[in-house]
Amino acid sequence: MNEEQRLSTGQVNTDLANKEEKDYSQYFQTVYTPPSLKKARRRGKEEVSYFDDFEIEERFEGMGNGRKFYIRTYGCQMNEHDTEVMAGIFTALGYEPTTTVDDANIILLNTCAIRENAENKVFGELGHLKPLKQRNPDILIGVCGCMSQQESVVNKILQTYDQVDMVFGTHNIHRLPNIIHEAYMSKEMVLEVWSKEGDIIENLPKKRLGNIKAWVNIMYGCDKFCTYCIVPFTRGKERSRRPEDIIQEVRHLAAQGYQEITLLGQNVNAYGKDFDDLNYRLADLMADLRRIDIPRVRFTTSHPWDFDDELIEVLAKGGNLVEHIHLPVQSGSSSILKIMGRAYTRESYLELVGKIRKAIPNVALTTDIIVGFPNETDEQFEETMTLYEEVGFEMAYTYIYSPRDGTPAEKMKDNIPMEVKKERLQRLNNLVNEYAAEAMKQFEGQVVEVLVEGESKRNDEVLSGYTRKSKLVNFKAPKSVIGKLVNVKITEAKTWSLDGEFLHVVEKDEVLN
Ligand code: 5AD
Ligand code: SF4
């Protein structure tokens, strides 16, 4: 870490910041670090630095003794995993976790910027926290995650949300002890958001939220720059963790008894492209992880762009590599895909699906779809509907396009009324439900392998877990099977879950289905 970075913890005087001016830096000396869109856009100019020397500085030890932290997480699995890292740092500082804001000494909102409604939820929550802060000014409130990486968000917080004590970015998580320390020392807002291409820090502490399933980062950032997407600006450039670090982490998780891992990256298919000393890609990593004694390995999220034949070949070997692939398509229209900057066409996506299906006949495919991209015509939307049917996805996350600050699509003029977009979403969702129900129906009468996660959220008499294809299964069984793989005979399919009868715990060498 260089000296410039070390110095960059900013203290922002909120009285001054409340003024209308856009460039707040004039009020502060050298230590104010707001996000910069211009810098976030840069690629390939900065070297990726690897660090494995993270440690809690002596002066911060015990800082959290007698204090509690609360983190609310919004957004994707990457954010959930970042929360586990921050929880690890808090724990190393002596803080204890709490599940309510009322007895927390520090409250962090780990935010998502993917769509406007994700941001609005956070601003709403900040509003709710204001009375708490007024009652107890000693509480520290922080905003971190993807929203903090955006200039417009940070300016809004500076202007309107003086209950916030600290704002820090996705590249600043390892600086948490220093940031909290600054926030305790000054009564002014601490702002530290680096708009850099990104580092890799290997030895950050983690406090995982479960002991059955675990997230494992394999890469960070994104270089695809889809025209609608904020992620390349909030998460830096594509950079891969070294295979030996990943393999060691997975081995360690297996030894601790974890049953399933999900490899995480904004775009996992680009794994390894950035190694200049090593020819090692996602297929190689999956081949190595196949040999580790952990029952299930998944990955998310895939981009069709870099989905190569070698990967398909290794996935087809099965074993602990599950037969479920989440493959976001976004649109079924080649012309929309082109202006989205997705670098594939309807035809090439279908070709890829054909190849995957040929190699893995019982694969479950799920996807993400955006409707109402600027100027999407009725015909183009219909192409999304027909593509959905042609592939026969088993599930999809569907969204109305939401313009994001600084992205190319934000500047596109859009003449499609919101009403039309909502109708399209409704029609698509009906189709999604229909196909989901159909996919579920096929399991009736079958025996499936379920990783039991715990009591059902709705009924504590019932246990629930997921199949290899990520289907939720509810069944009655002794609580002692929680955390184990079991076989369940499906008795009834609903649209989003399956009911079944517990048969038995799966023996280690039993063939997985
Ligand atoms: N508007 C709507 N949906 C979006 N997504 C990403 N950016 C936007 C946006 N600006 C969706 C994509 C992506 C998923 C995580 O969120 O479908 O795959
Ligand atoms: Fe949201 Fe994307 Fe950030 Fe995840 S990476 S938290 S989805 S903006």
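Every residue, even glycine, has its Cβ placed from backbone N, Cα and C.
Per TrEMBL, these features apply:
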- Cys76, Cys112, Cys146: [4Fe-4S] cluster 1 binding site (BINDING)
- 7-16: compositional bias 'Polar residues' (COMPBIAS)
- 67-185: domain 'MTTase N-terminal' (DOMAIN)
- 208-438: domain 'Radical SAM core' (DOMAIN)
- 441-504: domain 'TRAM' (DOMAIN)
- 1-20: region 'Disordered' (REGION)
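Known features from TrEMBL, placed on the structure.
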| residue | record | DSSP class |
| --- | --- | --- |
| Cys76 | [4Fe-4S] cluster 1 binding site | coil |
| Cys112 | [4Fe-4S] cluster 1 binding site | coil |
| Cys146 | [4Fe-4S] cluster 1 binding site | helix |
Cβ neighbour count within 10 Å of Cys146 ([4Fe-4S] cluster 1 binding site): 27
Candidates Cys76, Cys112: member of the binding-site residues with the richest Cβ shell (10 Å): Cys112
Beyond the site residues Cys76, Cys112, Cys146: chain residues whose C-beta lies within 8 Å of the centroid, for [4Fe-4S] cluster 1: Tyr74, Gly75, Met78, Asn79, Thr111, Ala113, Ile114, Ala118, Gly145, Val231, Thr234
Integer average pLDDT (0 to 100) for the domain 'Radical SAM core' (208-438): 97
